[in-house]
Amino acid sequence: MVQRWLYSTNAKDIAVLYFMLAIFSGMAGTAMSLIIRLELAAPGSQYLHGNSQLFNVLVVGHAVLMIFFLVMPALIGGFGNYLLPLMIGATDTAFPRINNIAFWVLPMGLVCLVTSTLVESGAGTGWTVYPPLSSIQAHSGPSVDLAIFALHLTSISSLLGAINFIVTTLNMRTNGMTMHKLPLFVWSIFITAFLLLLSLPVLSAGITMLLLDRNFNTSFFEVSGGGDPILYEHLFWFFGHPEVYILIIPGFGIISHVVSTYSKKPVFGEISMVYAMASIGLLGFLVWSHHMYIVGLDADTRAYFTSATMIIAIPTGIKIFSWLMNPFSKDKNKNKNKKLIRNYQKMNNNNMMKTYLNNNNMIMMNMYKGNLYDIYPRSNRNYIQPNNINKELVVYGYNLESCVGMPTYTNIVKHMVGIPNNILYIMTGILLTDGWIDYTSKKDLDKKTIMEINCRFRLKQSMIHSEYLMYVFMLLSHYCMSYPKMKIAKVKGKSYNQLEFYTRSLPCFTILRYMFYNGRVKIVPNNLYDLLNYESLAHMIMCDGSFVKGGGLYLNLQSFTTKELIFIMNILKIKFNLNCTLHKSRNKYTIYMRVESVKRLFPMIYKYILPSMRYKFDIMLWQKKYNMIN
């Protein structure tokens, strides 16, 4: 048994080994990703106690594990070894022993990578290993050297596998199978093998030069010795961008076969799909510097790489629309698989649009001189100061670590688990009045389905209060996916216009729903004392408060029992020293705040009240009579 798995030259056995390694690496990489996400879930240090080096080491480990030890071994080594010989009618690959060596080099690389994280403080260089952060001055120990050796070993493994797949495809096809008759998955592995063969030597050269700089006193990337660290970036991204297609083209091949299976017909335009994959692979070598816009490329260089990148959308579009041309059968048992394919196609369409917008950045940087809010109108002013920011950095932030420059998305990631306190106070005031949290717009979901989905926050206001609704929307814009919409509501037979917005369905709102709801009934949370402040009271008044003649205030809180209203009233008395009583109006109880309490409350909440909502106060009367506004 041991001999079979250690010395096997059978392509299927080796494919199983690739899958096992990929699963192990995927679990380790996912664990690192969870630690990273938990650390970023809220501002400040959460679990790593401010150890930024450890955070960087986790980023390096996660990236290298996922790219070189999960996706590439699974898609190329696993599916390629298992399916390619079967699809071309070969008994095995052309070089079975090289195939075995190609796999067993990978675990050695994994050992080097794990060792690099344990030596001294680890390799905290970021997954791109840019100098001078990866130079001997920043990382004097052997951790970066071990990480470079790990990359070398994965490169050797991929090169051996690529040579094996190319020779197998060219020389071991069954009789009568010409190149034009090859299945699309075989073509995808064949094209990917050429990409590996052409790009990996460049990466190996770059990291070897870095290794020499670190250990043999050369100056390839050392500025003080006449070197240029930008050279490393060019070498890395000449490999890095084809690597994107190395990862996705085998997926293209798999999706093509799945689409063909469920449509029960060949993929539309099979030959054009092959040429599209080849074009994507070729153009992938001509666009690497779109990852480097921020390093100071001249205008002509940026214009070339922008144009070349946009051209890649043409062969990608051919593939997308060829998949869309295949209608699916009416087999009801395959709905989940159809949804999977449709979602994959939607994802590709979104990526195409993102690529198009991303590559207009050069035009925006050269021609646009306006405010940042006009570029990102939904960016939160609490996170970005428009007059003190480098617009080029924000626009080209897509190309750094896919996090800078996307304020909407990064804010969602930050607050998926917990809502920041300043927003939580506001939402508490709104949820006690007109706001509510629901599961979905569909009413036919069973209980099991409801438990598996996240919740969203909703708010409706009449057109009179549209400015207030837009103000709340701007505060929560990084949770939202669309702008507020106008709807026609009917109350007691009368129609009137109102505005409504709702957020994305996120875990943070699910947690809020568990606090404020019991089933479908809104309740008062037990920890309401900690969730209220003066800003919460201001939003309670703006949402559903009304002043009466004489200076008193009614809080028309929604859907609460008498006991819950008494509980809220006691909190207002204890925490804010407000004298409140219960009044019954139209068979409903409301909280009435006496005029003396309103006098004390008004200066505290005045700064939170919007100008359009001050009609609820007689401002001139309060200024003149009580002299409470500075």
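Indices start at 1 and increase along the chain as displayed.
Glycine is no exception: its Cβ is also placed from the backbone N, Cα and C atoms.
Annotation source Swiss-Prot lists region 'COX1 exons encoded' at 1-324.
Residues or ranges marked as transmembrane segment in Swiss-Prot (evidence: sequence analysis): 16-36 (among others).
Taking Cβ pairs closer than 8 Å, the transmembrane segment (57-77) reaches residues 14-15, 18-19, 21-22, 25-26, 28-29, 32-33, 35-36, 102-103, 106, 109-110, 113, 117, 121-127, 129, 147, 150-151, 154, 158, 161, 165, 189, 192-193, 196, 243, 246-247, 250-251, 254 in its own chain, all 6 or more past its ends. Per Swiss-Prot, the feature transmembrane segment maps to 57-77 (among others).
Taken from Swiss-Prot, the feature transmembrane segment covers 101-121 (among others).
Annotation source Swiss-Prot lists transmembrane segment at 147-167 (among others), citing sequence analysis.
Look at Swiss-Prot and you will find 182-202 (among others) tagged as transmembrane segment, backed by sequence analysis.
Here the transmembrane segment (235-255) has long-range neighbours at 67, 71-72, 75-76, 79-80, 128-130, 183-189, 191-192, 195-196, 198-200, 202-203, 205-206, 209, 277, 280-281, 284-285, 287-292, 319, 323, 341, 344, meaning same-chain residues at least 6 beyond its ends whose C-beta is under 8 angstroms from one of its own. If you look up Swiss-Prot, you'll see 235-255 (among others) marked as transmembrane segment, on the strength of sequence analysis.
Same-chain neighbours of the transmembrane segment (267-287): 180, 184, 187-188, 191-192, 194-195, 198-199, 238, 241-242, 244-245, 249, 252-253, 256, 259-260, 305, 308-309, 311-312, 314-316, 318-319, 322-323, 325-326, counting only residues six or more beyond its ends whose CB sits under 8 Å from a CB of the stretch. Taken from Swiss-Prot, the feature transmembrane segment applies to 267-287 (among others), supported by sequence analysis.
Taken from Swiss-Prot, the feature transmembrane segment covers 305-325 (among others).
For 325-630, the entry in Swiss-Prot reads region 'COX1 intron aI5_alpha encoded'.
Annotated transmembrane segment per Swiss-Prot: 417-437 (among others), in sequence order.
Annotated transmembrane segment per Swiss-Prot: 464-483 (among others), in sequence order.
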For the transmembrane segment (147-167), which recorded stretch in the set 16-36, 101-121, 182-202, 305-325, 464-483 gives the largest number of Cβ pairs separated by under 8 Å? 101-121
Highest-contact recorded stretch vs the transmembrane segment (16-36), from 101-121, 182-202, 305-325, CB pairs under 8 Å: 101-121
